[in-house]
Amino acid sequence: MGKVLMVLYDGGSHAKDQPGLLGTTENELGIRKWIEEQGHTLVTTSDKDGENSTFDKELVDAEVIITTPFHPGYLTAERLAKAKNLKLAVTAGIGSDHVDLDAANKTNGGITVAEVTGSNVVSVAEHVVMTILLLVRNFVPAHDQIRNGDWNVAAVAKNEFDLENKVVGTVGVGRIGERVLRRLKPFDCKELLYYDYQPLRPEVEKEIGARRVDSLEEMVSQCDVVTINCPLHEKTRGLFNKELISKMKPGSWLVNTARGAIVVKEDVAEALKSGHLRGYGGDVWFPQPAPKEHPLRYAEHPWGGGNATVPHMSGTSIDAQIRYANGTKAILDSYFSGRFDYQPQDLIVHGGDYATKAYGQREKK
């Protein structure tokens, strides 16, 4: 039987306090016993960076790898070339950009890459709306005042606004983007916009009150708030660079819970420090964990605040962890049993070809 390699983050005492932290090395998605009962070996580690990492050493003869977007084991072409037995790569969560998908298609006759589609879309959508409110209402510096023993209403109120009557736009209107728009509807925004290659159904557009904009540059120029909810692929990497940010409405807010590499971190930091952006919030970084010197850890608006960044947590609530742990087990069961009856929406690449358009328009190579 085969070896399963699981790359997760360490939970330490927190994993003991909260058994629901399934996405930790201590709790192993709650499936160690089940995997071993199937006759397989499970190796779990958080050590994933560098040539001498446990990840690199154990990957060589692993048949299955499981990792998460929150502590991704990056499956580069170089690593895949060394993984002679690898047949299945599972993302416990959503987003498989940590895998070189073109290389996966050409390795070992085609490695199947699957993720637990839909497992944390509600979690992320809620986090997006929360972050928008934190930024627009200038909550973070106000809370810092209280913690620091200060009290200066004017200092925080001068950069505090209402979400009502603002224009909000999402880049990407898939499972997360649509849910963000639905949750924003009760706030009576002036307009809800979206940019995506695939439009919403007319009845959904009408129900939400959303409008599609054909040009990304046109959309961001109209928005008070822009939220990024698209996958990372070759066409979205570095999408929010100095040029695109310069087209955003002066004093607007940018929220990114998609992937860190979709924005050019230095350009976002500079736009925030100059005041062109009133605020930036997000939980995604590249690489992850974010280095201590990452500029978006510290960048602020000239008036203070404007930074609502956190570790990659939006999609890993306790509720989400239950869903993606169960979904991971279902994918493994499909593989171990030899049925290979995966849910179509969970497949990213399979049989040496792309199973979805979510990662860009590609041709089989």
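Note that Cβ sites are derived from N, Cα and C of the backbone, with glycine treated the same way.
Taking the Cβ of Asn120 (substrate binding site) as reference, residues of its chain lying under 8 Å away and at least six apart in sequence are, in sequence order, Gly93, Ile94, Ser314, Gly315, Thr316, Ser317, Ala320, Arg323, Tyr324. According to its DSSP assignment, Asn120 (substrate binding site) is coil. The annotation substrate binding site is assigned in Swiss-Prot to Ile94, Asn120 on the grounds of sequence analysis.
Around Ser314 (NAD(+) binding site), taking its Cβ as the centre, 25 other Cβ atoms fall within 10 Å, counting all chains. For Arg175, Ile176, Asp196, Pro231, Leu232, His233, Glu234, Lys235, Thr257, Asp283, His312, Met313, Ser314, Gly315, the entry in Swiss-Prot reads NAD(+) binding site, with the evidence type sequence analysis.
Note on Arg259 (site 'Important for catalytic activity'): other Cβ atoms within 10 Å of its Cβ, all shown chains, come to 24. In the three-state DSSP assignment, the secondary structure recorded for Arg259 (site 'Important for catalytic activity') is coil. The site 'Important for catalytic activity' annotation in Swiss-Prot covers Arg259 (among others).
Feature annotation from Swiss-Prot assigns site 'Important for catalytic activity' to His312 (among others); the stated evidence is sequence analysis. Listed in sequence order, the residues of the same chain lying 6 or more apart from His312 (NAD(+) binding site) and placing their CB within less than 8 Å of its CB are Pro69, Phe70, Asp283, Val284, Trp285, Gln288.
Counting every protein chain shown, the Cβ of Ile94 (substrate binding site) has 26 other Cβ atoms within 10 Å. Leu232 (NAD(+) binding site) and Arg259 (site 'Important for catalytic activity') are 6 Å apart (CA-CA, integer value). DSSP assigns Glu234 (NAD(+) binding site) to coil, not to a helix or a strand.
Close to Asp196 (NAD(+) binding site) in the fold, though at least 6 residues off in sequence, lie Val171, Gly172, Val173, Gly174, Gly177, Arg212, Cys230, each with a CB less than 8 Å from its CB. Same-chain residues at least 6 positions away in sequence with a Cβ under 8 Å from that of Thr257 (NAD(+) binding site) are, in sequence order, Val124, His127, Val128, Thr131, Ile176, Thr227, Ile228, Asn229, Gly282, Asp283, Val284, Ser314, Gly315.
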